[in-house]
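K.L.:
Take a look at what Swiss-Prot says about it:
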- H159: active site, proton donor/acceptor (ACT_SITE)
- K163: active site, proton donor (ACT_SITE)
- G12, A13, L14, G15, K16, M17, G102, T103, T104, S126, S127, N128, Y129: NAD(+) binding site (BINDING)
- K39: NADP(+) binding site (BINDING)
- H160, G169, T170: (S)-2,3,4,5-tetrahydrodipicolinate binding site (BINDING)
Amino acid sequence: MKKTTLNIAISGALGKMGINLIHEIYHTKNVFLTAAIVKNNSPYVQKNVGKITKIGEINIPITNSLEENINKFDILIDFTNPKTTLKNLEICAVAKKNIIIGTTGFTQEEQKKIKLLSKKIGIVQSSNYSIGINLMISLLEKTTQIIGKNTDIEIIEAHHNKKIDAPSGTSLEIGKKICKTMNWDFSKQAIYERHSSMKSRANNEIGFSSIRAGNIVGEHKVLFANSGEHIEITHKAISRSIFSKGAIQAAIWLFSKNYKNGLFNMNHILNI
């Protein structure tokens, strides 16, 4: 008989996204938190995750070891940092445990490693688990097809002052989607700074601007501009709950499909 309940482990359980994920799991039918993993030097190890997060009756002790809890879950959700995620990914690959990756900031070599390990386990990886942002990216593809050749394209993103990578993973994904649609080389068209260039804007370049301030959850705007008009497509995240809802949706999807391996993204989950 097919298993109907989904057991989830969270790496980075007491981070901003981790707490949001725990809250979402607590309120999702047939989905249960069975392991809450934190960094090695956390003072909360062995303390009750329900009491620490004040979410509810979750009688799970906080742990700093993924290996010791490897048999307690079906899927790991990881929103940490590239080094931690890759370490967890290797552990999951050996144990044949599927994983949802929300971490951003991977190098090209690290991304190649993720793709390689997806031959052993099922991986959903997205820079943004918001349904809205993924619909926005889909809309951008059509917009780019129609007006991309005749406009200057700029991507402006804003996040809270604790976010360490810039530009954001989502803005880079947007830029790559635009370049793919236009048959441009992203590595040549992406411009990350102009303060020392002292020259006018070149054709076919995509400019990136990053803002880090306050507690901004996440904002992404794509500007298509020509001499006669400007078109702006914008997505603003009001709450982190949209990311946790999307990540849980991805975990449920991966679990229901029972994939043994493969690298997937939100397009697969949303069928867009």
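Numbers here mean position along the shown chain, with the first residue as 1.
For all residues, glycine too, the Cβ spot is worked out from N, Cα and C.
The model shown is predicted, which means the values in this text are computed figures rather than measured ones.
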K.L.:
Cα-Cα, whole number of Å: T104 (NAD(+) binding site) versus G169 ((S)-2,3,4,5-tetrahydrodipicolinate binding site)?
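P.N.:
One finds 6 Å between the Cα atoms of these residues.
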K.L.:
Rounded to a whole number, how many Å is the Cα of G12 (NAD(+) binding site) away from the Cα of G169 ((S)-2,3,4,5-tetrahydrodipicolinate binding site)?
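P.N.:
About 18 Å separate the Cα atoms of these two residues.
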K.L.:
Please give the greatest C-alpha separation between any two of the NAD(+)-binding residues G12, A13, L14, G15, K16, M17, G102, T103, T104, S126, S127, N128, Y129, in angstrom, as a whole number.
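P.N.:
Site span for NAD(+), by Cα atoms: 21 Å.
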K.L.:
Among all the protein chains here, how many other CB atoms are within 10 A of the CB of G169 ((S)-2,3,4,5-tetrahydrodipicolinate binding site)?
P.N.:
19
K.L.:
Of all the recorded positions given, namely K39, H160, K163, T170, which is spatially nearest to Y129 (NAD(+) binding site) at the Cα level?
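P.N.:
Considering only the listed recorded positions, the nearest one is T170.
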K.L.:
Counting every protein chain present, what is the number of Cβ atoms, excluding its own, within 10 Å of the Cβ of T170 ((S)-2,3,4,5-tetrahydrodipicolinate binding site)?
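P.N.:
For T170 ((S)-2,3,4,5-tetrahydrodipicolinate binding site), the count of other Cβ atoms within 10 Å is 24.
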K.L.:
I'm trying to understand the geometry here, so how far is the Cα atom of the residue listed as 'active site, proton donor' from the Cα atom of T170 ((S)-2,3,4,5-tetrahydrodipicolinate binding site), in Å to the nearest whole number?
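P.N.:
Distance (Cα to Cα, whole Å): 13 Å.
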K.L.:
Say you check the Cα of H159 (active site, proton donor/acceptor) against those of the binding-site residues L14, K16, G102, S127, G169; which is nearest?
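P.N.:
Nearest in space to H159 (active site, proton donor/acceptor), counting only the binding-site residues, is G169.
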K.L.:
Taking DSSP three-state, what's L14 (NAD(+) binding site) in: helix, strand or coil?
P.N.:
coil
K.L.:
Centre the Cβ atoms of H160, G169, T170, go out 8 Å, and tell me which other residues of that chain have a Cβ in range of the (S)-2,3,4,5-tetrahydrodipicolinate site.
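P.N.:
Counting only non-site residues, the set is T104, S127, N128, E157, H159, K163, D165, S168, S171, G218.
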K.L.:
At the Cα level, what's the spacing in Å between T170 ((S)-2,3,4,5-tetrahydrodipicolinate binding site) and L14 (NAD(+) binding site), rounded?
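P.N.:
With the alpha carbons as reference points, the distance is 23 Å.
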